[in-house]
Amino acid sequence: MIRGRIMRKFLILSMLIFTTLCGCVDFSSSNSNGYYHDSWSYNNYTSFVDTHEHYYGKVVKVVDGDTVYVEVNGELWKIRLLGVDTPEIHKRNNPYEYYLLNGTPITDTKYLKEWGYKAKHFAEKELKNKTVIIVFDNEAPKKDKYGRYLAYIFINNSNNLINFNEELLKYGYARVYISNFELKDEFLNVEREAKENRVGLWNWSNN
């Protein structure tokens with residue numbers, strides 16, 4: 001009996017210690033801008049959007065996986081999704097732009113083009129004829145040399161803001177396009193995880 005009471009007390013004490021330790025763990029993450037979010041794409045981006053120049057518009061045309069036309073206040077904006085690059089479908093792909101985690105380039109240009117079309121179909125499914133939020137980055141230029149707007153596109157899914165640029169990386173439709181923008185480190189982390197898990201186009205093998 002005495003031994004049983006001691007064991008029960010030990011179990012209760014262990015549970016209390018575990019609960020206390022769990023309460024001390026911070027399961028959220030923060031970047032240098034101070035807004036908090038969970039890992040991966042389903043982040044709470046509300047603070048990010050609110051503190052950046054943004055507009056609402058309707059996607060009327062998808063050119064390819066990373067370029068869309070959005071109607072904003074009666075104007076038609078051509079938007080190049082910031083920080084990501086999907087394989088080309090209108091011209092030949094560069095076989096030395098997409099590298100696996102081990103440093104091997106995806107040299108099969110036919111394979112890359114196939115994934116370019118898959119990226120376009122994904123963008124059409126998720127964006128076409130939908131109202132989105134166009135968000136400009138504080139570190140990146142507003143337009144590129146071709147006159148296209150450089151921006152993030154956010155989707156409001158059940159009051160949860162989803163960064164579509166990041167979704168392309170998460171599902172292996174795109175690589176990170178290296179330039180100066182605020183979410184670069186996060187995008188690189190998402191890309192790395194997709195490569196580690198051989199998601200999407202990263203499942204290529206040259207065997």
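Glycine is no exception: its Cβ is also placed from the backbone N, Cα and C atoms.
According to Swiss-Prot, the protein has these features:
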ACT_SITE  ARG80  active site
ACT_SITE  GLU88  active site
ACT_SITE  ARG148  active site
In the chain carrying ARG148 (active site), residues 6 or more apart in sequence that have Cβ under 8 angstroms from it: THR67, LYS78, ILE79, ARG80
ARG80, GLU88 as active-site residues, winner by CB count within 10 A: ARG80
Secondary-structure category, per DSSP, in which ARG80 (active site) falls: strand
